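Visitor: Could you have a look at this structure, given as structure tokens, before my questions?
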Number of protein chains: 6
Amino acid sequence: MSNLTHVDASGSANMVDVNSKAETVRVATAEAFIYMSQATIDEVLAHQNKKGDVLTTAKIAGIMAAKKCSDLIPLCHPLMLSQVDVDIEVQAEQLRLRVTSLCKLSGKTGVEMEALTAVSVAALTLFDMCKASDPNMRIEGMRVLSKSGGKTGDWQHPNT
Amino acid sequence: MSNLTHVDASGSANMVDVNSKAETVRVATAEAFIYMSQATIDEVLAHQNKKGDVLTTAKIAGIMAAKKCSDLIPLCHPLMLSQVDVDIEVQAEQLRLRVTSLCKLSGKTGVEMEALTAVSVAALTLFDMCKASDPNMRIEGMRVLSKSGGKTGDWQHPNT
Amino acid sequence: MSNLTHVDASGSANMVDVNSKAETVRVATAEAFIYMSQATIDEVLAHQNKKGDVLTTAKIAGIMAAKKCSDLIPLCHPLMLSQVDVDIEVQAEQLRLRVTSLCKLSGKTGVEMEALTAVSVAALTLFDMCKASDPNMRIEGMRVLSKSGGKTGDWQHPNT
Amino acid sequence: MSNLTHVDASGSANMVDVNSKAETVRVATAEAFIYMSQATIDEVLAHQNKKGDVLTTAKIAGIMAAKKCSDLIPLCHPLMLSQVDVDIEVQAEQLRLRVTSLCKLSGKTGVEMEALTAVSVAALTLFDMCKASDPNMRIEGMRVLSKSGGKTGDWQHPNT
Amino acid sequence: MSNLTHVDASGSANMVDVNSKAETVRVATAEAFIYMSQATIDEVLAHQNKKGDVLTTAKIAGIMAAKKCSDLIPLCHPLMLSQVDVDIEVQAEQLRLRVTSLCKLSGKTGVEMEALTAVSVAALTLFDMCKASDPNMRIEGMRVLSKSGGKTGDWQHPNT
Amino acid sequence: MSNLTHVDASGSANMVDVNSKAETVRVATAEAFIYMSQATIDEVLAHQNKKGDVLTTAKIAGIMAAKKCSDLIPLCHPLMLSQVDVDIEVQAEQLRLRVTSLCKLSGKTGVEMEALTAVSVAALTLFDMCKASDPNMRIEGMRVLSKSGGKTGDWQHPNT
């Protein structure tokens, strides 16, 4: 059975020591989807054509959130991200928006939580900006897509 | 077609004026699920029986995140939440944990984004604490369950 | 000579008591300018026509900063802003962008520092996004344009 | 025409990859001025002689703000500043205070935004502490004075 | 036995509902002491006489920390403090500095945690600024001195 | 007499340059005690036996606070902690809880302020969760226990 490194001998959570880990270039990508009604997708598309503000606002929110990851997740280490990308694709036929992120740094611990935090807050921002139009929206399929660097090396989610 | 109140005349995002809205008691509830492998569920269950740390850590993270909502979501108003509850239920047969939240305040704007932020960060914290065991986890079904108070009054998600 | 209310009897700074002040609707507006080269203005204009990202990013940064004002300015009271607007106008002939803001709340203390913080951080964000093109930029003319509400009532900067 | 590295191929803002940049010692200095009435300058001078609180409070606010730069400016990288100095000089004859800052680190990206954030928030704090005396104050001439380190090497603002 | 309101029926921590509490003016005061060597006290006194920077820096840090209380203490409600005072007295004969604070607001919950956070961070700042001179310092006697307002009315620590 | 490195030539506080310091592994430990009534100790013990929530909540708060140290203490450098441990021991016979912390990183400056911030906020959280039961509690004996790494090498508080 795998070994949960965040739990100390007495069973209490701690921010584990990563000092002895190797400093390598680490990249992680993540994704999430937000499902909305046809009318709301249409509104987003119309705004995107005109100004793109809904998408840009969500994108900026996602980038800023990646930098706050260790403030939000109790046992995440503070990190100096060297890159954060967030992209949002309107997949109108599936009645959804796809949010993806990429985080990168040269460091001693992985950045998948930063990548997940970015897609999470970008999706919540889309929710906030569209909720007057469709309060029934759902955020689905939030997961890590891939990781590279560190001890485990390249990893990809089996369903990609 | 519904009216997106976050977009001004020139199409740019702003934090809209809620000053003239009525101050009423407002409550919102939200939920999210995190799916994991049998082995990882077993580990969480074992810890829950012994110490409950994974669940308590995620719960605390969710509560603290609700208070940061307006820091994370660009157009959310700063609010003085009078109550935040986060609960996590292990639904072992479905191979998932269910995170629910309730936010409440007496104010001029709703608290559904706070409730969503709480379940989102609680779920991300569960992800962080279990990812050494199962990196393939997915967060699904994040949505608002119900709202009360304000102009719209009582609202419930149609699929509940 | 006017009375600096932020300094206590022994000369040390404190966050003064505003509890006995009347709760009224308070609005403040502020402005700032950023001067840049013709080539950099042209780039902003070209992006604005295509995507508007530089301007939207700066606008979002300004709105979010208004909400952080009491975190940044030591003696500012925490406030629950009911509205924040930030606008950016390209004044190409004067080789500058004009950033304006409006903050509003119903409360016991004014919001001019929030309005100034919004234009300040929006202007810094414009600087950040354009500095690769023109490192010589200058931010000028940052000031409060008007205030209303509170004991002093309506006030307008004499040079407007 | 110069190349704006913060804008990706599709025109949307991202926090660009600095991982391949060289790690060198980087220093940046910045300045800003706040203009005020003779009576307000006199008050600051009197307090400075007695306690120095207005100036010390603004100085501390500027130092703390430099550390928050990547929280405020959406596309700034998180950095580990090794030094932040903020100084404030009363230039009574010009009816102004001059705020200067110096930021330093050994890293992969420059620190001019940190230096600008420091002078900006120090100047806003001076504004906050003096606004009861003179609400007409203006913040002017905020700019980067010099940079060293990195690919571009030593740079100085042409008007110094 | 008293009733711990922060623990829900299932024993898990939550941010309890204060919405039905009466909104009254609430004040709390707190204190803490930091003990240091004679040489370090002498240095503080000398600086105090000349500039007062150590004391002013600690005071500003304490005021700013009071505003961050609900960010730091998981189950504290966000509050809009109407007043924060922090004072530091050099008690040279006892080889200590006494830090006191007063927090005030009109609200539904008490402000003793804000008052304690203020003295705690002010004392830590004194520690930081004096630790090069005396690393053996101790912070002692941190407690709430008095509270007023709310259901319990006026309360004073029995040993005052 | 020792040399306070945080004070510049003109007597004003600055965040001093640590860039030329050696990067070594640095560890610091700290402790604090919170004294409470027998009835309150009994309640904590009972909760600890059943759920451990009071202790886990305080522990999480302490870990998260260590990461915020440079946000709270004006002249502390931002650091990338590689490890944070917080432990709480119920010392029922002495009517107190003992909070200890360990912070570690590979860097250019020590981590004793981070260790102190961790025990401070953990103790404040214990206070918050127990204050309904005993408002007379006191936090005592907060100090650095040991440091290693850096120019001074291994150091231990003389009274340990």
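A Cβ is built for glycine as well, from the same backbone N, Cα and C atoms used for every other residue.
The active site annotation in TrEMBL covers D:ASP128. Annotated substrate binding site per TrEMBL: D:LEU75, D:CYS76, D:HIS77, D:MET113, D:GLU114, in sequence order. If you look up TrEMBL, you'll see D:15-150 marked as domain 'Molybdopterin cofactor biosynthesis C (MoaC)'.
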Visitor: Of all the binding-site residues given, D:LEU75, D:CYS76, D:MET113, which residue's CB has the most CB neighbours within 10 A?
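Guide: When each Cβ's neighbours within 10 Å are tallied, D:MET113 leads.
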Visitor: Using DSSP with the three-state reduction, classify D:HIS77 (substrate binding site) as helix, strand or coil.
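Guide: Its secondary structure by DSSP: coil.
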Visitor: Let me know how many other Cβ atoms fall within 10 Å of the Cβ of D:HIS77 (substrate binding site).
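Guide: Neighbour count, Cβ to Cβ under the 10 Å cut-off: 23.
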Visitor: Based on Cβ atoms within 10 Å, give me the single least packed residue among the recorded positions D:GLU114, D:ASP128.
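Guide: Fewest other Cβ atoms within 10 Å, among the recorded positions D:GLU114, D:ASP128, is found for D:ASP128.
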Visitor: Need one number: mean pLDDT over the domain 'Molybdopterin cofactor biosynthesis C (MoaC)' (D:15-150).
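Guide: That region's mean pLDDT is 93.
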Visitor: Taking only the Cα atoms, work out how far D:CYS76 (substrate binding site) lies from D:ASP128 (active site), in Å, as a whole number.
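Guide: Each residue's Cα considered, D:CYS76 (substrate binding site) and D:ASP128 (active site) end up 26 Å apart.
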Visitor: Measuring Cα to Cα, how many Å separate D:GLU114 (substrate binding site) from D:ASP128 (active site)?
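Guide: Given the Cα positions, D:GLU114 (substrate binding site) is 21 Å from D:ASP128 (active site).
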Visitor: With the residue listed as 'active site' as the reference Cα, tell me which of the binding-site residues D:LEU75, D:HIS77, D:MET113 is the closest one.
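Guide: For the residue listed as 'active site', the closest Cα among D:LEU75, D:HIS77, D:MET113 is found at D:MET113.
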Visitor: Listed substrate-binding residues D:LEU75, D:CYS76, D:HIS77, D:MET113, D:GLU114 - what's their greatest C-alpha to C-alpha distance in Å?
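Guide: Overall maximum Cα spacing for these binding residues reaches 12 Å.
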Visitor: Taking DSSP states H, G and I as helix and E and B as strand, how many residues of the domain 'Molybdopterin cofactor biosynthesis C (MoaC)' (D:15-150) are helix, strand and coil?
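Guide: Helix (H, G, I), strand (E, B), coil: 53 helix, 45 strand, 38 coil.
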Visitor: If proximity means a C-beta under 8 angstroms from chain C, which of D:LEU75, D:CYS76, D:HIS77, D:MET113, D:GLU114, D:ASP128 count? These are the recorded positions.
Guide: D:LEU75, D:CYS76, D:MET113, D:ASP128
